[in-house]
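**Q** Provided herewith is a single structure, encoded as structure tokens, for subsequent inquiry.
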Amino acid sequence: MKFLLVLVLLVSLQVSACGAAPMNESEFAEWYLSRFFDYQGDRIPMTKTKTNRNLLEEKLQEMQQFFGLEVTGQLDTSTLKIMHTSRCGVPDVQHLRAVPQRSRWMKRYLTYRIYNYTPDMKRADVDYIFQKAFQVWSDVTPLRFRKIHKGEADITILFAFGDHGDFYDFDGKGGTLAHAFYPGPGIQGDAHFDEAETWTKSFQGTNLFLVAVHELGHSLGLRHSNNPKSIMYPTYRYLHPNTFRLSADDIHSIQSLYGAPVKNPSLTNPGSPPSTVCHQSLSFDAVTTVGDKIFFFKDWFFWWRLPGSPATNITSISSMWPTIPSGIQAAYEIGGRNQLFLFKDEKYWLINNLVPEPHYPRSIHSLGFPASVKKIDAAVFDPLRQKVYFFVDKQYWRYDVRQELMDAAYPKLISTHFPGIRPKIDAVLYFKRHYYIFQGAYQLEYDPLLDRVTKTLSSTSWFGC
């Protein structure tokens, strides 16, 4: 979002900014119109007050029409209500010299960097939110985004108070929530978020995901939309992130700049995910918690959901982690460390705070498996014992997380030490002190304290099927 309050900067920069709020509603309205609708009443000589009044009325009408209000040209209650609604700092009508008509990136692969983090949320949550916000746009375009940790990125994300060095000071809690710059070098493309807001991942405070999707839309070249259903609508409104979808208006706008998604040529006819997760014969390749969510891996994609939530989301593995292969065979999370381990054939990957660690993949034999083991069928971390259980054919191994060593006297037979469980195991999930052992279209709830199966369920029961 690039727009300028100082005329000399209009030629070179395109960003949103905010000054101190005036003392009365009339002055505030003039400030709002100059800030967001290119009202330039302060440039009209004092002797031409009639011209000034006419211009102000025209700008009020323009603003009212944009927001779908009754067009009166008067500063009425509904108009003031919109003006006082929290919003994006980018202008709705920009000076013709401030921004080219169509601004876009001229490359498909873009980098982003989170320069600093808000203290309102866990770093892992912020990372995940921006990853998902970028994915919203990559899902409907050929664009691909990669996070970097140092150096200059195409898109830099910054949390800041007040004056933060770009001529567009934040105004404190409420008012403008964030601003961004249209594509280009240097500061162009960057997105700034007002640290005075209380950033959250819920309906309380200001939802970071929703604002991030909006601002990144600007970073990719989108202007504001006057369609209230569009994520590019200027004012903030809460939508549940788990059920959020881009409007047809948003998809049309972004694809007019970049086109539709390009099929991944590395996927050899992978097919489509099942039309419903409730298919009676559906099985999973791996299942694990990831933070407060549960991931269900299948072929080249995975479903994820919050326990207890009715919403189910589906994502390709490559869009989440471009360096991770499809066909994950086993997975587990060490929640206290925010570490996720993914296994395929004789290799495994470490995902730390949702970011793949460098120097991976590594060989599963470095964990202590003999050369005869060529792949892991399933894995699960037991936080009470601080042990990882690896299931391979009819046997299982136990790995000590504290010692980082495979326990002695292993492998052991699954059928002997897990009564009621017969090989082969597809996936194992630890949830609320129980193991959920997936075998084909069914799962067995296993109580490790009682050493017995306590329930038999459909594999898809997690989805309310």
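In case you wondered, yes, glycine gets a Cβ from its N, Cα and C as well.
It should be emphasised that the depicted structure is a prediction, and the values quoted were computed from it without experimental measurement.
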**Q** For the set ASN116, ASN313, say which residue Swiss-Prot annotates with N-linked glycosylation site.
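**A** Looking at Swiss-Prot, the N-linked glycosylation site feature maps to ASN313.
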**Q** To which of CYS88, CYS278 does Swiss-Prot also attribute binding of Zn(2+) 2 at the site defined by HIS214, HIS218, HIS224?
**A** CYS88
**Q** Looking at Swiss-Prot, GLU195, GLU197 are annotated for Ca(2+) 1. Which of ASP120, ASP125, ASP285 sits in that same site?
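**A** For the Ca(2+) 1 site that includes GLU195, GLU197, Swiss-Prot also lists ASP120.
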**Q** According to Swiss-Prot, GLY186, ASP190 bind Ca(2+) 2; identify which of ASP154, ASP163, ASP169 is listed for that same site.
**A** ASP154
**Q** Which bits of the chain, at least 6 residues beyond where the repeat 'Hemopexin 1' (281-324) starts or stops, bring a Cβ under 8 A of a Cβ in it?
**A** 124-125, 128, 131, 135, 138-139, 144, 146, 240, 242-243, 264, 267, 270-271, 273-274, 330-333, 335, 338, 340, 342-343, 349, 351, 354, 356, 378-380, 426-431, 436, 438, 440-441, 459-460, 462-464
**Q** Across all the protein chains here, work out how many other Cβ atoms are within 10 Å of the Cβ of GLU197 (Ca(2+) 1 binding site).
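**A** For GLU197 (Ca(2+) 1 binding site), the count of other Cβ atoms within 10 Å is 24.
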**Q** Between ASP377 (Ca(2+) 4 binding site) and ASN313 (N-linked glycosylation site), how many Å separate their Cα atoms?
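**A** Rounded to a whole number, the Cα-Cα distance is 25 Å.
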**Q** Can you list, in sequence order, the residues of the same chain other than ASP154, GLY186, ASP190 whose CB lies within 8 Å of the CB centroid of the Ca(2+) 2 site?
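**A** Same chain, not in ASP154, GLY186, ASP190, Cβ within 8 Å: GLU152, ALA153, ILE155, THR156, PHE181, GLY184, PRO185, ILE187, GLN188, GLY189.
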**Q** Reduce the DSSP letter at ASN313 (N-linked glycosylation site) to three states and note it down.
**A** strand
